[in-house]
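S.K.: Found this in Swiss-Prot, in case it helps:
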- 1-11: topological domain 'Cytoplasmic' (TOPO_DOM)
- 12-31: transmembrane segment (TRANSMEM)
- 32-45: topological domain 'Lumenal' (TOPO_DOM)
- 46-66: transmembrane segment (TRANSMEM)
- 67-99: topological domain 'Cytoplasmic' (TOPO_DOM)
- 100-120: transmembrane segment (TRANSMEM)
- 121-125: topological domain 'Lumenal' (TOPO_DOM)
- 126-146: transmembrane segment (TRANSMEM)
- 147-162: topological domain 'Cytoplasmic' (TOPO_DOM)
- 163-183: transmembrane segment (TRANSMEM)
- 184-204: topological domain 'Lumenal' (TOPO_DOM)
- 205-225: transmembrane segment (TRANSMEM)
- 226-239: topological domain 'Cytoplasmic' (TOPO_DOM)
Amino acid sequence: MMSCLVPTRFTLTLNTACLLTSTWGFVRATSVVLPPSLSKAGHKQFLTIISIIATIINNAVNISNYYIQRNNKMNLETKKKSDFISRHVTLPVSLVLESIVATVYWPLRLFFVNLIMHGVESTAKTPFPMTVDMAIHLYPILYLLADHYLSGSGTKFKLSNKHAWLIVTSLAFSYFQYLAFLIDAGQGQAYPYPFLDVNEPYKSIIFVVVATITWAYYVFYQKFPPKYIKKSAKKGDKN
């Protein structure tokens, strides 16, 4: 029976740093006063907030896994479960979420800010400073990529592309229904991002496109796993 890959100190450092910056960014971002059209649904409607919560959970789980794998009193089954949850559930989920957040957010933030923020026509008038912007929209994906590819703890994810597609599709549909439940256009409420304030079928098409790109990120990460995993596979083929 194969033993679990013991997380490196670099993984611990990355997850601790990400936990601190993400939590700080989350607190600062959720303290921003929303305009009337968004205030009723609150900050919980934003994909950025949902993603940063997933990242914070992933950080906490991976920090715990670091110590679990080094605890001689823990049995192998507990270590295997901890490894699976931290490296093959919370990490890929937060990684693909932060990937799509960064992909959608930054091009619009830099060139079409009116499509990503309500009532903002200039990048100089955003509701929070660049430090907060980076903490919730850029640093998370950089930390997660470093943990997966550079920390020495990364492996190819165990979830198949087919199962990943089912999960991503379910999450996208759930978010679509979640927003429909929170937002009542008849009462002057608006979707969290202006580019979603369109009629059907365009709104659904946007969700399908975003969900497809999110799944494509998972496929990409599986196609190009951490390098040392590839080397190990090649050695195994020769034997």
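Placed from the backbone N, Cα and C atoms, the Cβ positions cover glycine too.
Walk me through the surroundings of each of these features.
M.R.: As a whole-number mean, the pLDDT of the topological domain 'Cytoplasmic' (1-11) in this prediction is 79.
Long-range Cβ contacts of the topological domain 'Lumenal' (32-45) within its own chain (Cβ-Cβ under 8 Å, at least 6 residues beyond either end) map to 118-119, 127-128, 178-179, 182-183, 187-192.
Taking Cβ pairs closer than 8 Å, the transmembrane segment (46-66) reaches residues 7, 11-12, 15-16, 18-19, 22-23, 25-26, 29-30, 82-83, 85-87, 90-91, 93-94, 97-98, 100-101, 105, 136-137, 140, 144, 147, 175, 192-193 in its own chain, all 6 or more past its ends.
Outside the topological domain 'Cytoplasmic' (67-99) by six or more residues, the chain places 1, 3-7, 47, 50-51, 54-55, 57-58, 61, 140-141, 144-145, 147-148, 153-155, 157-159, 164, 167-168, 214-215, 217-218, 221 with a CB less than 8 A from a CB of the stretch.
A Cβ distance under 8 Å defines the sequence-distant neighbours of the topological domain 'Cytoplasmic' (147-162), meaning residues of its chain 6+ beyond its ends; these are 5-8, 10-11, 14-15, 18, 62, 84, 87-89, 91-92, 95, 215, 218-219, 221-222, 225-229.
Same-chain residues lying 6 or more positions outside the topological domain 'Lumenal' (184-204) and placing a CB less than 8 Å from one of its CB atoms are 36-38, 40-41, 45-47, 108, 114-118, 176.
Residues 92, 95-97, 99-100, 103-104, 148, 154-157, 159, 161, 164-165, 168-169, 171-173, 175-176, 195-196, 198 of the same chain, all 6+ positions outside the transmembrane segment (205-225), place their C-beta atoms under 8 angstroms from a C-beta of that stretch.
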S.K.: State the non-local partners of the transmembrane segment (126-146) in its own chain: residues 6+ outside its ends, Cβ under 8 Å from one of its Cβ atoms.
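M.R.: Sequence-distant neighbours of the transmembrane segment (126-146): 14-15, 17-18, 21-22, 24-26, 28-29, 32, 48, 51-52, 55, 58, 91, 94-95, 98-99, 101-102, 105-106, 109, 113, 117, 120.
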